[in-house]
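Here's what TrEMBL has on this protein:
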type	residues	note
BINDING	Cys31, His43, His202, Cys206	Zn(2+) binding site
Amino acid sequence: MTNTSPDDLRLDVGGIHTLRQADPPASGARCFGDGDPLYAAYHDTEWGVPFTDSPDERELFERLSLEAFQSGLSWITILRKRDAFRAAFAGFVPEVVATFDDDDVARHLADPGIVRNRLKVHATIANAHALAALHSEGGTLRALLEEHAPEPGPPPATFADVPPETPGSRALTKVLKKRGFAFVGPTTLYSTMEAVGIVNDHLAGCPTRA
């Protein structure tokens, strides 16, 4: 793990899963993000907030892709590079990313604005192909995520109460890998469920949860 501030730890592994603090946040405080304006905006307006996507699921594809790129890094690194990622991956339009070839891979690996990891770049392109195939069958990635999400439970008191993965996310990893998706481990998938509001893991007392 890289050296990180407490707020970095709140958002490692796609959100909050390397933080296992024993104490709940102060009354009325965000459950993470108070130490950085970018974190705060992400906490307040995105993490755990449901949204309506376009038919090609480009926003969900972006979120899944960023979760995969984040693996092994702090989430603030990804947030700070987000605009560069969007430029590099054509706004995460799946049909466009699926057309990327070796020249595009080379371009990405030379781009200091993003995380230059060959396996993750190839995985993003492979996932665009797999998502297009899923859509051609009439399916959606959101439906698969929702199908494998846990039943809602009591709000977690601390992040020690939040699992890094679930039986459903482990099962979904197998489903997606059979479909050709890559870098979709169970922690990445559960983090995606949290990030897009399929699962609400804001802590009890967090203003965003109210």
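We count from 1, first residue shown onward.
For all residues, glycine too, the Cβ spot is worked out from N, Cα and C.
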Fewest other C-beta atoms within 10 angstroms of its own C-beta: which of the binding-site residues Cys31, Cys206 fits that? Cys206
Cβ-Cβ distance under 8 Å to His202 (Zn(2+) binding site), same chain, at least six residues away: Cys31, Trp47, Gly48, Pro155, Thr208, Arg209
Tell me, by DSSP, whether Cys206 (Zn(2+) binding site) is helix, strand or coil? coil
Assigned conformation of Cys31 (Zn(2+) binding site) - DSSP reduced to three states: coil
Around His43 (Zn(2+) binding site), which residues of its chain at least 6 apart sit with Cβ under 8 Å of its Cβ? Arg30, Cys31, Phe32, Gly33, Thr208
